[in-house]
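Structure first, commentary second.
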Amino acid sequence: MFFLFLTHFLLIALPVLADIDRSQFMFASSAGSIFTSDKDESEIAFRTAVDRANILERNVELVPIVVYANTDDSFIMEKIVCNLISQGVIAIFGPSTGSSSDIIASICDTLDIPHIVYDWIPNESIPDREHSTMTLNVHPDNLLLSQGLAEIVQSFAWRSFTVVYETDKELQQLQDILQVGEPSSNPTTVKQLGPDDDHRPFLKEIKLSTDNCLILHCAPDNLLKILQQANELKMLGEYQSVFIPLLDTHSIDFGELSGVEANITTVRLMDPSDFHVKNVVHDWEEREKREGRYFKVDPNRVKSQMILLNDAVWLFSKGLTELGIFEELTAPDLECRRKKPWPFGKRIIEFIKARSEETSTGRIDFNENGQRSFFTLRFMELNSDGFLDLATWDPVNGLDVLNDDEESEKRVGQKLSNKTFIVSSRLGAPFLTLREPQEGEVLTGNSRYEGYSIDLINEIAKMLNFKFEFRMSPDGKYGALNKVTQTWDGIVRQLIDGNADLGICDLTMTSSRRQAVDFTPPFMTLGISILFSKPPTPPTDLFSFLSPFSLDVWIYMGSAYLFISLLLFALARMAPDDWENPHPCKEPEEVENIWSIMNTTWLSIGSLMGQGCDILPKAASTRLVTGMWWFFALMMLNSYTANLAAFLTNSRQANSINSAEDLAAQSKIKYGAMAGGSTMGFFRDSNFSTYQKMWTAMESASPSVFTKTNDEGVERVQKGKNLYAFLMESTTLEYNVERKCDLVQIGGWLDYKSYGIAMPFRHFRHFNL
């Protein structure tokens, strides 16, 4: 049976109010420690915290009693705790782990004695602790801590990584990290350290794998030894990354670890520059000096348990003081066998839970189960000067990247200023083209080129202070995998072979390329679209408005118009009702008829044009004829309008395509893409029926519909006279459409993809492009 050696500190505190006579209380504290060498330091932290509370809280005096119990026997621990409770203890600090901690938590819950711990609690103990109302833990809640570590690892964007742990305790703390990677595309390897001190055979297995990213979680005493052995095996080189999710990594002296170029990162709870931490460390040193002992602590190497113990005592003293303001406290007279609770214990816990206190480890909040629900993790990187803070994480705000300070910028500049990066690219507007020299100008080096690619890398180089040199891909290709030989060509091949450090052009980030090289976050989002030529514009015709009707219809309609006009004239002359008195107030000497040939033709044409007329017939015969003409005019007017709309759109629709589905559904218009590009690969590997049909048509077409370059495809569209469409990426397509008025984009994007800067895996670990 494996025994845990726990060092327990039990505090019995006696609060004494300044101007009121009170009974003395024993304030009991117990803190667990596995490492016997740490017990003196923990006692110093505990006693100093009590002294500090006595000074700052004037109405309370805390008297510490320290007891060491090197045992994991629950029965012995129960007797020790019950003996102290019978003496009047009002609080117990620690231990946080092991069966003895659960026993103490149960006793304190029964007697309403505050129980404050300051270490990680195993997952299997949490359900039992949730039923305890008297236990508080100032250590970060393990579920939230695991979540924070996982978000930090996720921010690395590692393709795959290996997790190395020592005991089941470390593995529990990494549960959320194990869920970060995708098992299919980003597998995570989990390995446990053996009990031997020599871990070289174990590390050699990891070295043989393709993982350059390592998460190492083990006891602090073993950490440096493991890293030294990994360094001996050349596993801490320029392209390796190691993340240590241990809160006390900063307390280890890495001076013995020389010649390491790997990116080593870790986390801690406290900020050594914070005045809370500096004051606590100063109090430790001064107290030991008063006791005649020498004790020196570097704030940058303070262990988490020491500072958390200080916070635990401080929080309890604050709660005790606040309760003393409202109630007169009495000393407990308790025994384990009587099970009579102390009346003030729950009130103290309630006061502590209600507070949001700024302490040495930052802000502390508790949830209803007494677990610490707010804390701040500081994400750091190891460099030659120690640890450099890179980001912070808390449960509310998540990961917050800190601004680079002067030291960080100087460090990055030193690593990059003397290096010239080889940039592999290819010619293709608008990303990279040959620059035309001015008269008498001789172009050399990067000045020979212009375009978006060189502008982009030039701006990045200015920001990060490095040099670069453009070199064209020998075969002028982007990079495609030969499935027979399993080799790459183009820019991707240059990166794999180490002939280039960066690949910049209109290089699409595809899943297959991601397996061969690494990519920066995308700098441009795009999609595949269809390039086609505009239909020829028909010649302008002054009489095109006559096109909706045939010539015969126009003749018949004109004849009808003349006939109706003459008929109305004749009928109006014969009908008495259309003869009117010109002067209604006088007896008519003669009557007149307004329906002359001009008026009847005006009435007819007005009706035909849908405008009407100011004068209308009155006789029944003329009205009947007029009504019949109106009905005829209505039908003709609507027919003309409908035929006109159809005529105007008919020529536009006759020889056009509107989508990829239109292309797939016909065989007259041929279509293709650039050979060996990502667009060709998209149709070749697509599972969508329409795109599969298009790929079959392209592959079987004769002559070939594929082109060597995008420019060749654009030229083929222009010469194809609406019989060839070119499938290409939207950025280059839009560039050509803006500059060539006879071209047009058909439809929207067929997919979504991105351009990124390619590089060998783990190449730019020192800075983020």
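Each Cβ is built from the backbone N, Cα and C atoms, and glycine gets one as well.
Cross-referencing Glu459, Glu469, Glu729, Glu734 with the L-glutamate binding residues that TrEMBL gives (Thr508, Arg513, Ser678, Thr679) picks out Glu729. Within 8 A of the CB centroid of the L-glutamate site residues Thr508, Arg513, Ser678, Thr679, Glu729, the other residues of that chain are Tyr478, Asp506, Leu507, Thr510, Gly677, Gly681, Phe682, Lys753. Spacing of Thr508 (L-glutamate binding site) relative to Arg684 (site 'Interaction with the cone snail toxin Con-ikot-ikot') is 16 Å (Cα to Cα, whole number). Glu729 (L-glutamate binding site) has a Cβ environment of 25 other Cβ atoms inside 10 Å. Around Thr679 (L-glutamate binding site), the same-chain residues at least 6 positions away in sequence with a Cβ under 8 Å from its Cβ are Ile528, Ala673, Leu727, Met728, Glu729.
The record assigns Thr508, Arg513, Ser678, Thr679, Glu729 to the L-glutamate binding site, and the maximum Cα to Cα distance across that set is 17 Å. Taking CA atoms as the reference points, Ser678 (L-glutamate binding site) and Arg684 (site 'Interaction with the cone snail toxin Con-ikot-ikot') are 10 Å apart. DSSP assigns Arg684 (site 'Interaction with the cone snail toxin Con-ikot-ikot') to a helix. Each of the recorded positions Arg513, Arg684 was scored by how many other Cβ atoms lie within 10 Å of its Cβ, and the smallest score goes to Arg684. Note: the domain 'Ionotropic glutamate receptor L-glutamate and glycine-binding' (430-497) comprises 24 helix, 15 strand, 29 coil (DSSP; helix = H, G, I, strand = E, B).
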